[in-house]
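What follows is a short report on a single structure.
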Amino acid sequence: MRAVEDAVGVKIPDTARIMRNLLHGAQFQHDHIVHFYHLHALDWVDIVSSLSADPKKTATLSENVSNAPWGGSTYYKNVQQRLQTFVDSGQLGPFNNAYWGHPAYKLPPEANLMASAHYIEALRLQAKAARMHAIFGAKNPHLQSLVVGGITSVKDLTPDRIAEFLYLTKETQDFVNNVYIPDLLAVASFYKEWGAIGGTTNFLAWGDLPLSDKEPESLYMPRGVIMKRNLGGVKMAKQEKVTEHVARAWYEKGSPKHPYKGETKPIRKDPKYRPDGGKYSWFKAPRYDGEPCEVGPLARVLVAYAKGHKDIKAVVDSTLKKLGIPVTALFSTLGRTAARGLETVAIGNAMQGWVMDLVKNVKDGNTKTYQPWKMPDKATGLGLNDVARGALGHWIEIENKKIKNYQYVVPSTWNLGPRCEKGKLGPVEEALIGTPIADPKRPIEVLRTVHSFDPCVACGVHIIDPDSNQVYKIKVL
Amino acid sequence: MEKEKEFYKRLEKKGVSRRDFMKYCTFLTATMGLSSSFVPKVAEVFAAPTQRPPVIWLHFAECTGCSEALLRSMYPWVDQLLLEVISMEYHETIMAAAGHQAEENLHNAVKKYNGKFICVVEGAVATKYNGGYGKIGGKTFLDIAKDVCSKAAAVICMGTCSAYGGVQAAKPNPGGYKGVGDALGIKTLNIPGCPPNPINFVGTVVNYLLLGKLPDLDSLGRPLFAYGKTIHDQCPRRSHFENGEFVEEFGSEEAAIGYCLYKVGCKGPETYNNCPIVKFNEGTSWPVEAGHPCIGCSEPDFWDKMSPFYEEM
């Protein structure tokens with residue numbers, strides 16, 4: 001959408017900008033909660049161990065660490081009973097055959113029970129939070145109100161709709177501040193060694209959430225690039241420096257290209273998996289100035305922190321202090337998982353102000369949500385975004401009013417892409433090197449790092465045990 | 001009875017009264033096209049299921065939007081669905097197991113429940129180059145689908161991709177992607193949409209639990225209770241169509257009033273679905289209500305046949 005808007009030269013009205021930001025912000029709130037509780041927590045939380053917890057002690061623990069609106073020993077007894085009934089049924093469903101009881105699980109049973117209860121609460125909360133998207137975007141997932149030139153849901157700019165949105169964002173943010181963050185800190189305090197595992201080197205954020213029509217100056221999450229972990233050397237990121245390599249990906253031979261010149265020519269045969277020197281991925285390998293870059297919450301938070309972003313700096317500093325770990329611990333699996341929660345605090349808190357900006361516009365009669373435009377015969381355009389998973393760029397070339405070329409470089413391509421022409425590893429590949437693994441047949445440690453990137457693919461990972469030289473195929477799902 | 005009592009006790013703790021719950025069951029019963037005499041039976045399915053039917057959920061070429069849609073189910077809440085109504089034996093996104101253990105789960109569940117499980121498929125199947133464009137753990141989607149679907153009591157295709165191919169099957173379709181029914185030459189129950197409304201999945205499963213059979217289908221394999229009428233025939237903006245009152249530009253005065261979206265490309269007249277009646281996310285909205293034309297996302301080959309999306313049919 002932004003790429004086409006750039007190409008046809010249309011600026012969206014201010015009210016449309018705010019509505020888009022609200023939808024985008026809601027996506028951060030929703031996605032990050034689901035990622036933490038439902039796609040990542042069970043790498044750290046042993047749900048089976050919670051069956052042996054003392055509900056009373058769990059209630060005390062919960063009161064000490066969080067401001068969750070539910071709790072008390074009866075509550076935890078009921079949750080435990082529910083899980084016990086489920087286990088006794090003999091149908092373990094999604095919890096069957098995982099790494100329960102693995103020595104890498106460090107939480108005491110009570111902390112496991114608390115987190116398991118919140119896993120279930122979060123399942124309900126996320127369904128409610130998704131209603132924010134439906135209010136101005138018709139439905140979730142796949143909202144359907146965004147069009148080139150603005151947004152179509154002008155009829156929903158009514159006090160009741162806006163109020164409903166406000167209260168949903170507040171309720172969601174209460175969960176973030178009172179449950180998600182306390183849980184994150186409680187779990188992290190048992191896994192501090194993960195502040196030195198799973199890090200990468202370079203970080204790229206296109207930034208997003210514009211607070212005016214000036215980009216990138218007004219982006220709430222700023223644009224920038226950090227090379228070699230040098231926070232002091234944070235620079236403005238330039239899209240001209242992006243290339244994509246296909247040397248190790250299942251595409252026809254080609255030199256590294258900028259997306260405007262990009263080609264997508266998949267090989268026309270059954271692709272063979274050849275990680276030792278050949279092709280082994282459907283992902284191209286994106287590079288910035290020739291280097292691989294991690295994108296996502298950690299990259300965004302590091303860029304914002306390095307630029308002295310007030311809200312981000314406050315939450316990062318207080319978290320480091322609470323956990324008693326240095327800034328360098330951010331370059332890790334733990335840092336990545338923490339950054340996701342911390343940016344949710346900043347963005348979710350800011351959203352409440354944006355709702356008030358919308359109210360002001362409506363009050364002033366400024367309800368223009370769409371700017372008409374004309375399709376040119378020939379044009380090029382690009383759109384740089386930062387979505388929940390990371391930096392997302394779209395590039396379009398228009399000819400005869402039709403798409404001549406369209407390329408996008410998405411977050412998981414940056415993070416999970418293979419080696420490039422020069423043999424440099426992709427970020428996830430790099431992050432996994434040196435991961436200590438207690439039991440190669442049950443490599444929960446690998447899951448922790450891969451999941452911390454919030455990959456949008458069920459990806460294949462291989463590790464080799466240097467002693468037996470046995471190759472273990474690990475599917476990270 | 002005991003189980004049922006416990007269920008209502010639990011519901012009340014969550015702030016859901018028995019009355020709210022019965023209201024939902026009535027809504028669901030009506031959505032399924034059953035008479036109101038079925039309401040207590042529908043309630044029974046959630047309150048005291050005698051067994052949890054095993055479900056094996058396969059992911060092929062897709063975006064996981066259909067799984068996400070299922071997570072948005074609010075009555076029953078998704079935790080109830082997963083812990084108390086069905087037994088989700090295999091689901092790549094939500095299951096805790098990974099790697100070999102995950103594959104073992106699939107293998108064991110298919111063996112244990114041979115001929116008795118419901119197979120839900122999300123995503124299209126690559127058929128060109130021996131299915132080479134889509135693999136999990138070295139096995140092609142095509143082989144996995146052949147193996148698992150043939151042993152299922154029923155195959156439910158969740159979403160347009162598994163039902164008819166979806167975006168992967170749009171021209172030029174380099175991987176030869178097809179819907180499951182087409183790829184395997186079998187009959188499937190299709191719940192298309194991008195993504196479909198979770199209530200139509202829940203309605204189908206409840207129908208199965210309640211009556212021991214799948215609901216009646218149209219010629220494209222879609223349950224009639226949900227896909228029996230066009231969007232256009234159920235649209236609250238229909239009178240504007242009849243009166244010739246149209247939106248010609250987004251954001252216009254006509255758009256703010258809520259005139260008909262036919263002239264900005266609405267595909268409602270050719271799309272069968274119950275969006276205007278059940279709406280999405282607990283009845284919050286649906287595309288036409290948000291001022292956006294229907295893009296026909298539950299129809300076969302909608303990427304090719306319904307586009308351009310913003311031009312009059």
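A Cβ is built for glycine as well, from the same backbone N, Cα and C atoms used for every other residue.
Copied from TrEMBL, the annotated features are:
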- B:63-207: domain 'NADH:ubiquinone oxidoreductase-like 20kDa subunit' (DOMAIN)
- B:CYS63, B:CYS66, B:CYS161, B:CYS194: [4Fe-4S] cluster 1 binding site (BINDING)
- B:227-310: domain 'Cytochrome-c3 hydrogenase C-terminal' (DOMAIN)
- B:HIS232, B:CYS235, B:CYS260, B:CYS266: [4Fe-4S] cluster 2 binding site (BINDING)
- B:CYS275, B:CYS294, B:CYS297: [3Fe-4S] cluster binding site (BINDING)
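Positions of TrEMBL features highlighted on the structure.
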{"residue": "B:CYS63", "record": "[4Fe-4S] cluster 1 binding site", "CB count, 10 Å": "19"}
{"residue": "B:CYS66", "record": "[4Fe-4S] cluster 1 binding site", "CB count, 10 Å": "30"}
{"residue": "B:CYS161", "record": "[4Fe-4S] cluster 1 binding site", "CB count, 10 Å": "30"}
{"residue": "B:CYS194", "record": "[4Fe-4S] cluster 1 binding site", "CB count, 10 Å": "22"}
{"residue": "B:CYS235", "record": "[4Fe-4S] cluster 2 binding site", "CB count, 10 Å": "24"}
{"residue": "B:CYS260", "record": "[4Fe-4S] cluster 2 binding site", "CB count, 10 Å": "24"}
{"residue": "B:CYS266", "record": "[4Fe-4S] cluster 2 binding site", "CB count, 10 Å": "29"}
{"residue": "B:CYS275", "record": "[3Fe-4S] cluster binding site", "CB count, 10 Å": "27"}
{"residue": "B:CYS294", "record": "[3Fe-4S] cluster binding site", "CB count, 10 Å": "29"}
{"residue": "B:CYS297", "record": "[3Fe-4S] cluster binding site", "CB count, 10 Å": "25"}
Listed binding-site residues (B:CYS161, B:CYS194, B:HIS232, B:CYS235, B:CYS294) that sit near chain A [CB under 8 A]: B:CYS194
Length of the line joining the Cα atoms of B:HIS232 ([4Fe-4S] cluster 2 binding site) and B:CYS294 ([3Fe-4S] cluster binding site), in Å: 10
Number of Cβ atoms other than its own within 10 Å, given for B:HIS232 ([4Fe-4S] cluster 2 binding site): 21
When distances run from the Cα of B:CYS297 ([3Fe-4S] cluster binding site) to each of the binding-site residues B:CYS194, B:CYS260, B:CYS266, the nearest one: B:CYS194
Per DSSP, three-state class assigned to B:CYS266 ([4Fe-4S] cluster 2 binding site): coil
Candidates B:CYS235, B:CYS260, B:CYS266, B:CYS275, B:CYS294 (binding-site residues) - the one closest to B:CYS66 ([4Fe-4S] cluster 1 binding site) by CA: B:CYS275
Subset of binding-site residues (B:CYS194, B:CYS235, B:CYS260) lying within 10 A of B:CYS275 ([3Fe-4S] cluster binding site), CA to CA, in sequence order: B:CYS235
Chain-mates of B:CYS275, B:CYS294, B:CYS297 with C-beta within 8 Å of site centroid, [3Fe-4S] cluster: B:GLY193, B:ILE231, B:LYS267, B:GLY268, B:THR271, B:ASN273, B:TRP286, B:PRO287, B:VAL288, B:ILE295, B:GLY296, B:SER298
Entries of B:CYS63, B:CYS161, B:CYS194, B:CYS294 which, being binding-site residues, have CA atoms within 10 angstroms of B:CYS266 ([4Fe-4S] cluster 2 binding site): B:CYS294
Whole-number mean of pLDDT values that fall within the domain 'Cytochrome-c3 hydrogenase C-terminal' (B:227-310): 97
Cα distance (Å, whole number) from B:CYS63 ([4Fe-4S] cluster 1 binding site) to B:CYS260 ([4Fe-4S] cluster 2 binding site): 31
DSSP-derived class (H/G/I helix, E/B strand, else coil) of B:CYS260 ([4Fe-4S] cluster 2 binding site): strand
Between B:CYS294 ([3Fe-4S] cluster binding site) and B:CYS235 ([4Fe-4S] cluster 2 binding site), the C-alpha gap once rounded to whole angstrom: 11
Cα separation, B:CYS235 ([4Fe-4S] cluster 2 binding site) to B:CYS63 ([4Fe-4S] cluster 1 binding site) (Å, whole number): 29
Additional residues around [4Fe-4S] cluster 2, ordered along the sequence, whose Cβ is within 8 Å of the centroid of B:HIS232, B:CYS235, B:CYS260, B:CYS266: B:ILE231, B:ARG237, B:ARG238, B:PHE241, B:LEU261, B:TYR262, B:GLY268, B:PRO269, B:VAL288, B:CYS294
